[in-house]
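Undergrad: Structure provided below as structure tokens; questions to follow.
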Amino acid sequence: MPCKWFTEKSGHTVGVTELQTAIKKIIPPLNNSLHKGQIGRIGIIGGCQEYTGAPYFAAISALKVGADLSHVFCTKDAAPVIKSYSPELIVHPILDHPSALTEFDKWLPRIHTLVIGPGLGRDPKILETVSAVILNSKARGIPLVIDADGLFLITESPDLITNYQNTVLTPNIIEFQRLFEKMAGDKPENSDEISDVKILAQHLGNVTILRKGREDIISDGNSVIKCNTEGSPRRCGGQGDLLSGATGIFFNWTLSFNNHKKESATEASEIQLGKGVIAGFMASRLTRECSRLAFAVHGRSMTTTEMIANIHTAFEGVLCS
């Protein structure tokens with residue numbers, strides 16, 4: 001079995017087939033009644049002089065998964081480079097703008113989900129701006145996905161997202177250890193990884209944690225999914241950016257799917273999983289399948305670009321089958 005989940009309340013374990021059925025109901029249908037933007041407007045906050053690839057990977061992945069519009073909010077130096085990667089992205093060079101918060105306020109009402117961290121860097125002034133953007137986003141009820149240097153910010157200031165349950169954090173093992181030690185005051189018990197992930201989620205007020213690793217573990221402190229769908233042994237940079245971008249659009253879909261398929265609301269709610277947990281599982285499974293498909297062709301030469309090229313095939317294969 002490639003994945004399983006259970007809830008702390010019931011101890012109930014359900015196979016992938018039932019979860020897959022619920023996922024199919026969450027994916028919004030494409031039809032001629034839709035207009036641009038209804039299926040998802042995603043914002044990526046990140047991109048500086050040193051790091052331009054990460055926000056591109058996250059933004060283009062969200063678009064390839066199915067978002068209608070994908071925005072990148074970056075520094076002035078990064079904007080021309082990111083724009084040159086793709087004409088399909090909307091790039092805003094406002095992250096280091098003197099009136100950055102005023103500029104962000106113009107765009108936040110148009111964004112369904114924010115992905116914070118890919119290529120962000122650790123400049124103190126920019127992190128201060130991002131902290132304020134997080135607070136403004138919470139006030140508007142905008143869901144957050146936080147990765148990379150966004151996790152550095154959260155480890156330094158966990159109160160920014162504590163108890164804001166419309167949040168998914170996507171740490172790797174090292175990032176997870178740092179955040180766990182910050183919140184729990186002790187190192188995680190590597191012998192009981194599921195418990196560790198649940199504990200961290202609970203310490204943060206039941207936000208969702210997607211801890212990446214040999215097996216991805218996703219928990220909001222109440223329910224847990226462990227996903228070990230086959231991926232590949234290749235560890236090229238950028239795979240986490242694909243994951244965070246995909247999580248962003250999936251999170252939007254899980255939170256808004258009642259608007260797309262009202263008749264499925266009761267059925268989907270019966271599986272008793274948090275919406276961030278479902279979104280994290282979908283992104284985990286998709287990313288692993290992209291890696292598997294790309295590695296089968298390119299082997300050790302595989303890069304994230306080849307993975308992104310396989311998003312459609314992977315999506316149809318593991319989320320729609």
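Backbone N, Cα and C define each Cβ position, glycine as well.
TrEMBL does not curate its annotations; it predicts them automatically.
Features from TrEMBL:
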DOMAIN    19-318  domain 'YjeF C-terminal'
BINDING   Gly119, Asn172, Ile173, Ile174, Glu175, Phe176, Gln177, Arg178, Asp241  (6S)-NADPHX binding site
BINDING   212-216, 231-240  ATP binding site
Undergrad: Translate the DSSP assignment of Glu175 ((6S)-NADPHX binding site) into the three-state scheme.
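TA: Going by the DSSP assignment, Glu175 ((6S)-NADPHX binding site) falls within a helical segment, counted as helix.
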Undergrad: Provide the three-state secondary structure of Asp216 (ATP binding site) computed with DSSP.
TA: strand
Undergrad: What residues, ordered by sequence, lie under 8 A Cβ-to-Cβ from Arg234 (ATP binding site) and sit at least six positions away in the same chain?
TA: Ser291, Phe295, Gly299, Arg300, Met302
Undergrad: Within 10 Å of the Cβ of Gly238 (ATP binding site), how many other Cβ atoms are there?
TA: 19
Undergrad: Say you check the Cα of Asp241 ((6S)-NADPHX binding site) against those of the binding-site residues Lys212, Arg214, Asp216, Ser232; which is nearest?
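TA: Going through Lys212, Arg214, Asp216, Ser232 one by one, the Cα closest to that of Asp241 ((6S)-NADPHX binding site) is Lys212.
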Undergrad: Between Ser232 (ATP binding site) and Gln177 ((6S)-NADPHX binding site), how many Å separate their Cα atoms?
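TA: Ser232 (ATP binding site) to Gln177 ((6S)-NADPHX binding site), Cα-Cα distance: 24 Å.
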Undergrad: Just counting, how many other CB atoms are there within 10 A of the CB of Ile173 ((6S)-NADPHX binding site)?
TA: 13
